[in-house]
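Visitor: Below you'll find the structure I mean.
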Amino acid sequence: MPAWRRGMPLMEKPPAGKVLLDDTVPLTAAIEASQSLQSHTEYIIRVQRGISVENSWQIVRRYSDFDLLNNSLQIAGLSLPLPPKKLIGNMDREFIAERQKGLQNYLNVITTNHILSNCELVKKFLDPNNYSANYTEIALQQVSMFFRSEPKWEVVEPLKDIGWRIRKKYFLMKIKNQPKERLVLSWADLGPDKYLSDKDFQCLIKLLPSCLHPYIYRVTFATANESSALLIRMFNEKGTLKDLIYKAKPKDPFLRKYCNPKKIQGLELQQIKTYGRQILEVLKFLHDKGFPYGHLHASNVMLEGDTCRLLDLENSLLGLPSFYRSYFAQFRKINTLESVDVHCFGHLLYEMTYGRPPDSVPVDSFPPAPSMAVVAVLESTLSCEACKNGMPTVSRLLQMPLFSDVLLTTSEKPQFKIPTKLKEALRIAKECIEKRLIEEQKQIHQHRRLTRAQSHHGSEEERKKRKILARKKSKRSAVENSEEHSAKYSNSNNSGSGASSPLTSPSSPTPPSTAAALGLGKRCKGRDFHITSTSSASTTSSSLASCEHRGAPTASAPGCERGEPRGLTQLHPELPERNFEESRNL
């Protein structure tokens, strides 16, 4: 018995239905704290799926867990920044704090690498509750049940991890009466975008072997149940277009093949033009048929000589999320499966041109290319303007100079008859897939706006502005309070001394000697009456006259009888009589 079959228990049919979890939604991880136990330190990590803070959980990991993960990821050939081991002094507080920073940096690197973040090893480390199953064993159980009814097929060996999907497994097959021929069996769960009814889904899956097109890799056999699908194709020793670009062996694990290529080199210009034109032709064919694709990338393009053939047409029927979903989910204008195909074609063209994927999307500037016509197509699919304003159609790309002069020589006539009823079912399913995408894009857009506003509000420059505004407001408030207080004080004085009380002049206060000489500091009917200005005799006389006019008796000087009118000359004989009369007239 082969080693991969040992210990494989037989299992009845799994529960019906699709897997609702979208494996392409990015996971982020932040170390919140550390706790030292007797012999080791544990790190408490907060893991979050997507943008929702509510969709988060805590895990506890030791350094040895990180070390085990790192050893498993060595297959990728990357130099990952895991902090080194330390046997003595590894419980010191400062060392633990420094190691925590290093482990956080390590988490940041593996969660932002597109291939590593989607691999089963990282998913199990960060989300053990959702990724604890042995998917290869589950797939073997399903395949074994299938072989009970189809005895002519036989499994040669599992092709372990040759693809990037966690829930899609591959096996090398043979036909019993043709032992030299090799085939590939793929098995996959139903995904979150499966909206076809079970009946329509199974009819369409069984329709795939009848699809004939010079640029579609033919399906030999296809079947499905209510929870998964199984397809068989011929095994190609040369591998996919991605294998050609990265000079990889088709049977090797995905991480080893594509994470860190030994030599980065793009294809020749003529290859880029020919392969690009062939891929666009098959995309146009599928779009015209109303058959949603949405899964274009270099690993889904099989190479046979100088001909590209598209793989995995079943993915959209199964409801599986796209390899590039985390990219185009950021842009609200890429909201149909046709525009998704065009955007993914931009990624594929970039890989063919430069021998590697883009560092980030959108791409601000493109490195030198074999032709400016290549850059023109890349700008129309990957630039900031394209991602913001929307993708061109496939027909528009075919008319661009890079592809318009390519001559295709093929005698095979495309055939893919889809009944009208199934076409309608495909249209409704396509709308549902696009609706989920639009809703996700809307949530990401709102989250980005909120994050940007919070970041702006918390920036140093913004804090300085708020401090300056607060100071200005405080000063303005103080000035207003002072003015209000002065107004109240002035009104109080006016109401106490009457309408004709003299104006005060702080610049010329009444000298004490003058007030004493005039003898006016005494009370007049219980009031204090003071002369506040001595700049002219007329002002004083006028004030006194006003007091007399109101009927209020003036303060009597010594030697004067109460109530008897007295002039200023009587109080001060040295003042001329004429001046007194003039002031009285005034």
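From the backbone N, Cα and C atoms, a Cβ is placed for every residue, glycine too.
OK, TrEMBL features for this one:
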| type | residues | note |
| --- | --- | --- |
| COMPBIAS | 444-455 | compositional bias 'Basic residues' |
| COMPBIAS | 464-476 | compositional bias 'Basic residues' |
| COMPBIAS | 490-518 | compositional bias 'Low complexity' |
| COMPBIAS | 532-546 | compositional bias 'Low complexity' |
| COMPBIAS | 574-586 | compositional bias 'Basic and acidic residues' |
| DOMAIN | 21-133 | domain 'PX' |
| DOMAIN | 95-488 | domain 'Protein kinase' |
| REGION | 444-518 | region 'Disordered' |
| REGION | 532-586 | region 'Disordered' |
Visitor: To what whole number does the mean pLDDT across the domain 'PX' (21-133) round?
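Guide: Averaged over the domain 'PX' (21-133), the predicted model reaches a pLDDT of 93.
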Visitor: What are the DSSP helix/strand/coil residue counts across the compositional bias 'Basic residues' (444-455)?
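Guide: Helix, strand, coil within the compositional bias 'Basic residues' (444-455): 12 helix, 0 strand, 0 coil.
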Visitor: For the compositional bias 'Basic residues' (464-476), give the DSSP counts of helix residues, strand residues and coil residues.
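Guide: Residue counts for the compositional bias 'Basic residues' (464-476) by secondary structure: 13 helix, 0 strand, 0 coil.
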Visitor: Please spell out the DSSP helix, strand and coil residue counts for the domain 'PX' (21-133).
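Guide: The counts are 45 helix, 26 strand, 42 coil.
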